[in-house]
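Trainee: So that we are looking at the same thing, I have put the structure below in structure tokens.
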Amino acid sequence: MWSCEDLNYTNSGEEQYLCNEFHLFLFIFSVLYLIICFPVGLCYNVQLVLVNLYNKATMTMPDVYFVNMAIAGLIINAVAPVYLFGPAYTKWSLWSFGNEVYITLLILFNVSSLVIMYSTTLLSLDYYIECALPRTYMSSVYNTKHVCGFIWGGAVLTSFSSLLFYICNHVSTKIIECSKMQNREAADAIMVLIGYVVPIIAVIYALVLILQIRKEATPLDQESGRLDPSVHRLLIATVCTQFILWTPYYVTLLVNTFMDARVKSSNTFYIRIFQFTEGLSNFLAFSSSFVLPLIHRHINKNFSGKLQRLLKRLHCGSQGCTHEHTVVQQVMT
């Protein structure tokens, strides 16, 4: 976040007034996020992870992808308050952390954003495979460890080159090798490519193939044992939500890469417009951490039953409920 004290307004009082309005608008959104979105996202993401881990026997591949997205959402949920109320915004000495802490938070945010995008992409591609060959892949979780390792490991590896530019941009005075890698715009361009362009191309390709298959009237499409239709609604809602919330963030990165409005523009009005847009896009990106579990909770019809089993287990303890013992005794009798 930013404050209106960063730049001097010498032209008129309108720019100062507009800056204060932008600042107040983002401040209200930040407070609302901290009061509403943060606890809701924390609760529902933890709930999504625990419910699926407890019901491992009934997990499907969509559940695996949503668990990974929920874990990434928890990380983003933890980073968001530090960003929204950080030292650049509040000027509090309590938040005066160094470059190392900033880089750590940036790494966590970038990796988590890639995990969310890659999980959404793989969900789309796997759903296409399931539509083409029903009951062959998504109903099984035999390769869960490999999928999770691929998602998180791939996110770390693909973001490594971008992270080098970010690190060298902040600690170049300490590392001689970083003297030629002080280009934040290059890091932003890499993140746009690997975190948005590649996933959206893959998702669009998968959705086109899925649409073609659903238009064809084949016996496989009429099969009663095919994948739950609610998975299709969940897929469409997830893809649309993720790209709606993350597109502004990557667009601002792209604009900053090719224009660098904060440096090249001498007009403080346009600088503040860009900073306001950038702050709003970051807020939308943070919002994905609580919107996604809400969508999953309301569309996935099997989640409520899994949650009830988990709550019953927690309520009864490891020895089981009284009515369960009664049923067992009746069967034995």
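Glycine residues also receive a Cβ, built from the backbone N, Cα and C atoms like all the rest.
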Trainee: According to Swiss-Prot, one residue among Asn8, Asn110 carries the annotation N-linked glycosylation site; which one is it?
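Mentor: Residue annotated N-linked glycosylation site in Swiss-Prot: Asn8.
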Trainee: Tell me if Asn20 and Lys215 end up on the same side of the membrane in Swiss-Prot.
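Mentor: The record shows them split across the membrane, with topological domain names that differ.
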Trainee: Of the ranges 45-65, 276-296, which one does Swiss-Prot flag as transmembrane segment?
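Mentor: From Swiss-Prot, the annotated transmembrane segment range turns out to be 276-296.
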Trainee: Average the per-residue pLDDT over the topological domain 'Cytoplasmic' (297-333) and send me the rounded value.
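Mentor: The answer is 67, the mean pLDDT of the model over that range.
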Trainee: Please identify the stretch among 66-86, 103-123, 276-296 with the greatest number of Cβ pairs below 8 Å relative to the transmembrane segment (22-42).
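Mentor: Top-ranked stretch among 66-86, 103-123, 276-296: 276-296.
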Trainee: Taking residues 6+ outside the transmembrane segment (276-296), which of them lie with a CB under 8 Å of any CB in it?
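Mentor: For the transmembrane segment (276-296), the nonlocal Cβ contacts are 1-2, 22, 25-26, 29-30, 33, 37-38, 40-41, 44-45, 47-48, 66, 69-70, 73-74, 76-77, 80, 83-84, 113, 116, 234, 237-238, 241-242, 245-246, 248-249, 251-252, 256, 303.
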Trainee: The transmembrane segment (103-123): which same-chain residues, six or more beyond its ends, come within Cβ distance under 8 Å?
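Mentor: Apart from its flanks, the transmembrane segment (103-123) reaches 61-62, 65-66, 68-69, 71-73, 75-76, 78-79, 82-83, 147, 151-152, 154-156, 158-159, 162-163, 166-167, 170-171, 191, 194-196, 199, 202-203, 206, 235, 238-239, 242, 246, 249, 285, 288, 292.
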Trainee: What parts of the chain pack near the topological domain 'Cytoplasmic' (43-65), using Cβ distances under 8 Å and only residues at least 6 beyond its ends?
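Mentor: 71, 73-74, 77, 119-120, 122-123, 126-127, 137-141, 144, 147-148, 231, 234-235, 289-290, 293-294, 296-297, 302-303, 306-307, 309-310, 313.
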